[in-house]
6 protein chains.
Amino acid sequence: MSRNDGRQPDEMRPVTITRPFNHRAEGSCLIGFGQTRVICTASVEEQQPRWMKNQNRGWVTAEYGMIPRATHDRTTREASQGRQGGRTLEIQRLIGRSLRAVTDLTKLGKRTIWIDCDVVQADGGTRTASITGGFIAFMDACRWLEKQGLIKSLPITDFVAAVSCGMVKGTPLLDLNYKEDSDCETDMNFVMTGSGKFIEIQGTAETTPFTLNEFNAMANLASKGIGELIALQRKTFLGELSA
Amino acid sequence: MSRNDGRQPDEMRPVTITRPFNHRAEGSCLIGFGQTRVICTASVEEQQPRWMKNQNRGWVTAEYGMIPRATHDRTTREASQGRQGGRTLEIQRLIGRSLRAVTDLTKLGKRTIWIDCDVVQADGGTRTASITGGFIAFMDACRWLEKQGLIKSLPITDFVAAVSCGMVKGTPLLDLNYKEDSDCETDMNFVMTGSGKFIEIQGTAETTPFTLNEFNAMANLASKGIGELIALQRKTFLGELSA
Amino acid sequence: MSRNDGRQPDEMRPVTITRPFNHRAEGSCLIGFGQTRVICTASVEEQQPRWMKNQNRGWVTAEYGMIPRATHDRTTREASQGRQGGRTLEIQRLIGRSLRAVTDLTKLGKRTIWIDCDVVQADGGTRTASITGGFIAFMDACRWLEKQGLIKSLPITDFVAAVSCGMVKGTPLLDLNYKEDSDCETDMNFVMTGSGKFIEIQGTAETTPFTLNEFNAMANLASKGIGELIALQRKTFLGELSA
Amino acid sequence: MSRNDGRQPDEMRPVTITRPFNHRAEGSCLIGFGQTRVICTASVEEQQPRWMKNQNRGWVTAEYGMIPRATHDRTTREASQGRQGGRTLEIQRLIGRSLRAVTDLTKLGKRTIWIDCDVVQADGGTRTASITGGFIAFMDACRWLEKQGLIKSLPITDFVAAVSCGMVKGTPLLDLNYKEDSDCETDMNFVMTGSGKFIEIQGTAETTPFTLNEFNAMANLASKGIGELIALQRKTFLGELSA
Amino acid sequence: MSRNDGRQPDEMRPVTITRPFNHRAEGSCLIGFGQTRVICTASVEEQQPRWMKNQNRGWVTAEYGMIPRATHDRTTREASQGRQGGRTLEIQRLIGRSLRAVTDLTKLGKRTIWIDCDVVQADGGTRTASITGGFIAFMDACRWLEKQGLIKSLPITDFVAAVSCGMVKGTPLLDLNYKEDSDCETDMNFVMTGSGKFIEIQGTAETTPFTLNEFNAMANLASKGIGELIALQRKTFLGELSA
Amino acid sequence: MSRNDGRQPDEMRPVTITRPFNHRAEGSCLIGFGQTRVICTASVEEQQPRWMKNQNRGWVTAEYGMIPRATHDRTTREASQGRQGGRTLEIQRLIGRSLRAVTDLTKLGKRTIWIDCDVVQADGGTRTASITGGFIAFMDACRWLEKQGLIKSLPITDFVAAVSCGMVKGTPLLDLNYKEDSDCETDMNFVMTGSGKFIEIQGTAETTPFTLNEFNAMANLASKGIGELIALQRKTFLGELSA
């Protein structure tokens, strides 16, 4: 079976990382999963969220957005509509949970790290690219904190990356592009750690319910893809991290 | 291992269904998963959503809410805050997708079915109770349409129900109550059909990433629980459905 | 003259009280005025409203809502519209004023009591049922405060209940149901105390202006109905209140 | 008993009417009840409200606002807060109902009359001045429609005006100013027609519940005051109206 | 060339100032530029804006609004729309900047002066009338502060007024009315000080781009008009200001 | 006098144009004015704005946004705040007016061109870079329309670009960066055409009012800078445009 962009079923799109991308942020990158491109920045705020007051720890939170013409047809700007849509809120909650799952919030200290993921071109997989690139920006912000002497050691306990899988005509495919995502029977997003465990699984059978065997086939494919993404993350920081 | 309410790890809470619950709606029930209680209504609107104009089919959509004191401490009313939160939007999108996955929208005709799930008491599992009870209300609304002669046959292709599972100290547990949900390492929601296939999987490792084996243990537990829920749904409609 | 549900002009619909209805709230009931059913909860917040800062007293405030299918046709959810309508704000202001009129706010101490009235089925008289049931929830919350030793004596100075009256074809009717309310020339809401005095009067001549004599006929009818409601409230608390 | 501005208990404040006040509106006046001053305009829109589509009649609706420094201390501008408060919505609904009660909506034809009441100085009685002045603007807009040949005869069936009454230390007072309104035990608003009937009664016992006798004393006082206001309205239009 | 109201190209409309206009505000006036009429009030708040905390100075800020029927056709009320439009925000930012440019914020002390400009009739030049009248209200509020002993000397460093100019068929015109404003090729707003310097220039070529020579012709015309406005402001305060 | 980045007073920052930048938009570029970088896209919508219905022409409108970490410190995302700020609305109105001033809307036909300017890094001059880059995207979208045969000839009547100038310690400077913009006495934005005429002038004396001579010095500097920008635009399209 040949995919619409000529890839093998278990083949990721080319992943590109430009780091840093923004000269103000404590951490930043532009990540590309094929034609999908997301600006990820990590910003340090020396303040806990209000609801956390008086606890001896920090917080990591994420916001997600798309410029209007990231999509094939122009999408209305959420700022001019006066509210973030359900999909946006769902994705930014996912990014935040994924990064917090590998963070020792006590080590982070009484501060907030804001991860902003702004999609400048969307071709499927914007949430998985956001998590993968958001981790890089987050790592750099933590390293900046360490260099400034604001924290004693990195509060990050493992690497984290994400990828989507889908069933198309009964075949499991890795890293769906927009066309594949629209056509597939099932769309599944996996978030995993460097140690090969799952942090988050989100999947929907858009048209055809799936079996546990099919799920496991997708999970194994995701495991392969995330392994490659984390290898790339490791290479990115090669020689830079003490641990 | 004994659970905080004395249940076995693979034991559901008592499920209660009061049907109909509301004398206006085309379909309705009050569903209880233990202390969790949700009013589910299905309302028929003889109009397609605006974005669907000129397509030869209908739509099923869901809205979710909680009365302020459904929760242990009073929660601010979303109507007075001026917006639905991210959790609310995420849940109502999930309910809608789950019901659409077992609906032949063409058979439904050019109309919208609104599923409203209003939690009057929350003790964990409000989204899974909403899907399970929402299905019952939806089925009754479709049967009402059939009796009125507005549709020729039921547009529902299968039963659907949902349950949560979690890992607590390494043990997979079925149908978490609020206390268990707060304490668990992983919280997983499963939506399945009467034919035993998956429609939706949503899971988060709140504290400890999980393995594929652990996932499969939870999925099997969910399969057992959903089987029981669907048996109960079937019993509810016993002798009422022609098919 | 026979009414559409067979009642006499001066006859209330059957009133039902389920108490408590919610296991979390400090006070709660489900009140029914015929087919109208409202969940009333009272929640204690150990904090004054912000605008009251530094005064030596508390506050009682109310919020009102309807689940979308409480009404004959589905009503849009206020939370998804992004604002509470004028009718909602008007009713919740009325409930709050009515309860504050029988409260010694100084005795209540520096705290806020939230009265939530959520209509699950609407058939006329939702605001009068809300006040009558809200009082019961409020009383129970105050008794809870007393039992906890948080207040020395009940801050409630009198009972309070409410009922609607209307002129239909020149005849004054007590406790209008939805159909009567839609058809009547005048719709009047009365809030009275256990000592037979008025707290609030709100009336509108929808089609035919009324005379002072007609008003007095309605007021006397209301007095009768509220007397019955307060007798029911007293019976509810019989033997429970020291005073 | 002497009032804080030297009036007798049954004495209105001086009422002033500047008509027209605005050179664009089809009807307008600046009405003063003592220091309270409200700009009232009536605007003709040749369109029914959307919800009325296909009915053979028109609509009268009102909006109410205050400039920020109308009040003793500056009030936040509702436009910058992003919503109209409950008090504003309550008042504008009252004004609209009061005017519709004396309107033959069928005679008005398929159009909307917007009554805008903007308070430029507030000293108690802004809603009663708005109704009284709003009627004048509305009458002039109807007369404009008649002169333009857009309607055959005036759709107004009676005059309408409004006044407040209150109980202060057991004495009923007519037309409360702000200081009296703040101090009174009961605050009652009456809307009446030229034929001496009631359209709307709204009253609250802020501190001390009242008896039916006390209510009747206030109603009689209101009747006297509204009689004076309607005499003034009649004088305003003297010789101008054919009927 | 004769203008639509018979004025010479370099002739202002009659300017009228009623001062004070509001008996509560620390400073107020009703200013008229021909048919354009704006209520300007200045309110003293003994509090800095939140973002200024701990700085040793005050702030001057402005809000702008229009009553719905200020315009030829009724404009929707911004409060009921739930937001202030771009034009409103742009104008109130301009008024605030213009007044701050002649204010020594340190001398003002830790307080905020709110300038509210509410247009009751609009015929072109509402922003320039607002600045010119807002200055008068602001000056009176500062003089009030001085008389109260709250400040030692006036924090105002110069007079400020504003006027519009436009190019109509190649001729520069001073102080455009609404009709001229709609027809002109270029619309330019100038804000100047008593010493003849510019504070703000805002101009748009609606249809025909303009040359630097044309700009200078308009600037000179504005200089003449603003000179007249400031002469009127000086006359208004004649003998009242010590300096 | 040496500037903080070593430039001469009349020297622009390096201007970079990456074109196209987005593979979906009908026109797009990434424009850099020094460290300021803006993504500009032009999207064709085959529909007029609603308010323009039944007129024989089209519309050009702009929206402006910043990703949260475009600025030195993170700025709150407008979408999550629920409204666009005054500065944003002011800038996007300016961009829209500037482009419409060089557009023959009748030639454009019954469609809307959306210009989106999203700042990914901000260092002063974001509005001038947006206009300059927005023009390029707009031109490409018009050329796309022409190639598709949707319009007969380009509806653009002239080039347009923009630059800021300021007075710093009495010296006029061209193209201010963020630091200069914060420090300057006067901040002036100029929009000009290829024929050297002005479309828009917006200037504020933040601290020190300016004279007409000073204005003219800045205008001449702007004229030089805009000349260079338009030369660059012309070079960009060299050989591509028929005219």
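Every residue gets a Cβ built from N, Cα and C, even glycine.
TrEMBL annotations:
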- F:Arg87, F:Gly125, F:Thr126, F:Arg127: phosphate binding site (BINDING)
- F:11-141: domain 'Exoribonuclease phosphorolytic' (DOMAIN)
- F:158-225: domain 'Exoribonuclease phosphorolytic' (DOMAIN)
Which of these binding-site residues has the least crowded Cβ, counting other Cβ atoms within 10 Å: F:Arg87, F:Arg127?
F:Arg87
Largest pairwise Cα distance, Å, within the listed phosphate binders F:Arg87, F:Gly125, F:Thr126, F:Arg127?
13
Can you tell me whether DSSP puts F:Arg87 (phosphate binding site) in helix, strand or coil?
helix
Tell me, by DSSP, whether F:Gly125 (phosphate binding site) is helix, strand or coil?
coil
Neighbourhood of the phosphate site (F:Arg87, F:Gly125, F:Thr126, F:Arg127): other residues with Cβ within 8 Å of the Cβ centroid, in order?
F:Tyr64, F:Ile91, F:Val119, F:Ala122, F:Gly124, F:Thr128, F:Ala129, F:Ser130
In the domain 'Exoribonuclease phosphorolytic' (F:11-141), how many residues does DSSP call helix, how many strand, and how many coil?
45 helix, 40 strand, 46 coil
For the domain 'Exoribonuclease phosphorolytic' (F:158-225), what are the DSSP-based totals of helix, strand and coil residues?
20 helix, 30 strand, 18 coil
Could you give the mean pLDDT over the domain 'Exoribonuclease phosphorolytic' (F:11-141), rounded to a whole number?
96
Which of these binding-site residues has the least crowded Cβ, counting other Cβ atoms within 10 Å: F:Gly125, F:Thr126?
F:Thr126
